[in-house]
Amino acid sequence: MAHSNNLKFIPFQALVLILICFWSEFCTSRDTITSTQSIKDPEIIVSVGKTFKLGFFSPVNTTNRYVGILDNIPVTTAVWVANRDKPLNDSSGIVTISEGGNLVILNGQKEVIWSSNVSNPVANSSAQLLDTGNLVLRDNSSGRIIWESFQHPSNSFLQMMRLGTDAKKGEMTLLTSWKSPSDPSIGSFSAGVDPLSIPQFFVWNGSHPYWRSGPWNGQVFIGVPVMYKLYSNGFNLVDDKKGTVDLTFSYANESILSYIFLNNEGTLQEKYRFVAKEDWTVPWWGPENECDVYGKCGPFGSCNSLDSPICTCLNGFEPKHTEEWSRGNWSSGCIRKTPLQCERNNTINEKVKEDGFLKLERVKVPDFEVWSPGLHDSCGSLCLNNCSCIAYSFYIGIGCMQWSGNLIDIQKFPDGGADVYIRVAYSELDEEKNMKTVLAIAISIGSITIAICAYYSWRWMAKQRGSMFKRVSSEVHTKVRCRQKPLLISFNIRKEAEK
């Protein structure tokens with residue numbers, strides 16, 4: 001009899017278990033896709049720490065369906081998209097592992113619209129979503145990762161992701177913007193590390209630079225002063241000096257989630273939130289103002305967002321096209337007023353005065369810097385003895401930097417930045433000295449004039465106070481006499497009456 005009751009109770013237990021599994025994240029959430037465990041729209045997989053999820057979504061103002069990695073909060077943001085250029089037009093999509101071992105997206109007709117496209121896949125593979133936001137395809141037999149989404153980023157630079165360049169292989173890992181907020185296909189802007197002589201971070205509009213960070217000093221990019229506050233403990237750049245550069249960032253505080261986002265207008269945004277909260281904060285973005293846009297003031301021009309107009313020529317230079325410059329078209333930049341010593345044709349007997357340097361303080365250093373082995377004390381002399389060197393700067397963590405050719409993308413900062421020394425002809429140094437002398441004389445004359453005026457003003461005021469004191473004393477004395485006189489008359493009258 002008891003045996004019969006247990007048989008009747010089992011279906012009820014199974015029903016409860018099914019309901020619990022249906023509603024519980026513990027049962028429905030998994031982080032892996034296999035050939036036998038696919039996901040269909042709108043199913044998802046969730047990383048083990050529930051930080052990210054992979055599934056189907058539609059951007060704003062469109063019904064097209066995409067497969068992407070999203071942050072696992074109610075108001076989701078896609079940080080990676082698989083089928084960027086080939087959306088699904090309905091909700092019949094499937095994500096699975098193909099017979100050949102690639103991760104694939106199928107449409108309703110079981111056609112492959114996207115694939116991880118591993119050249120040498122293995123049949124026994126699975127795809128797992130990690131808590132870093134990295135989707136990895138593994139060989140189940142060895143555990144080896146044969147493909148990962150971090151090597152094929154979209155518009156987001158996540159913590160522990162590597163952006164870099166391998167010159168030997170001719171490979172460059174870049175962020176690429178969306179075309180629009182409703183279209184994840186590849187847009188006009190890209191961002192990544194350019195190794196050059198000293199690595200810098202760039203945003204490109206097509207093939208043209210749109211924004212740059214300035215050189216890396218071992219801790220931060222020195223053309224972004226705010227990085228000292230935001231990222232001094234987060235960024236790490238490895239440069240083998242042979243064309244291979246890797247940039248990563250992370251926070252020591254694991255309660256903070258953060259990533260760098262490239263929007264469809266070419267703006268980089270740093271976003272972060274605490275794990276326990278759902279609101280993203282944007283503490284920094286760039287370009288932040290007109291002066292952040294690459295080469296705003298043209299060659300040999302300097303940009304200051306706090307000035308009006310924002311562009312000026314460097315000392316010793318003048319606008320190349322005055323009319324354009326006066327209309328606010330600064331793209332043609334400036335030209336040198338006086339040729340340098342090496343540029344002039346000097347006779348043997350002519351006594352030549354050496355060029356010198358004018359100091360430009362607190363700026364984003366120009367682009368196309370070249371590292372030189374010179375020390376702080378010798379950096380300037382090395383430049384002066386090299387006819388092709390037209391500017392230099394020494395920065396701790398980088399060393400001696402030199403420039404030849406046009407000086408482009410100089411920006412004045414209220415604080416931070418570096419000091420750059422611009423090479424000019426000796427006559428420009430005289431002019432600068434004369435200007436300083438005139439300014440000093442003007443200040444001295446002004447100070448003396450103010451002192452003289454103050455002295456005479458004090459004398460005049462003292463005189464006025466003295467005159468006023470005399471006038472007041474006289475009036476008081478007169479009033480006293482006037483009051484005493486009637487009293488004397490009255491006394492005399494009373495005296496006469498008594499007689």
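Here, residue 1 is simply the first one shown, and the rest follow in order.
Cβ coordinates are placed from backbone N, Cα and C, and glycine is handled just like the others.
Predicted automatically and left uncurated, TrEMBL annotations should be read as such.
Database features, via TrEMBL:
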type     : residues : note
SIGNAL   : 1-29     : signal peptide
DOMAIN   : 30-150   : domain 'Bulb-type lectin'
DOMAIN   : 287-323  : domain 'EGF-like'
DOMAIN   : 342-425  : domain 'Apple'
TRANSMEM : 438-458  : transmembrane segment
**OP:** Six or more residues out from either end of the domain 'EGF-like' (287-323), which same-chain residues have a Cβ under 8 Å from its Cβ atoms?
**Re:** 208-212, 266-267, 329-338, 358, 360, 363, 367, 406-412, 414, 422, 424-425, 428, 432
Original post:
So, by DSSP, how many helix, strand and coil residues make up the domain 'Bulb-type lectin' (30-150)?
Top reply: 2 helix, 51 strand, 68 coil
Original post:
So what pLDDT does the domain 'EGF-like' (287-323) average out to?
Top reply: 97
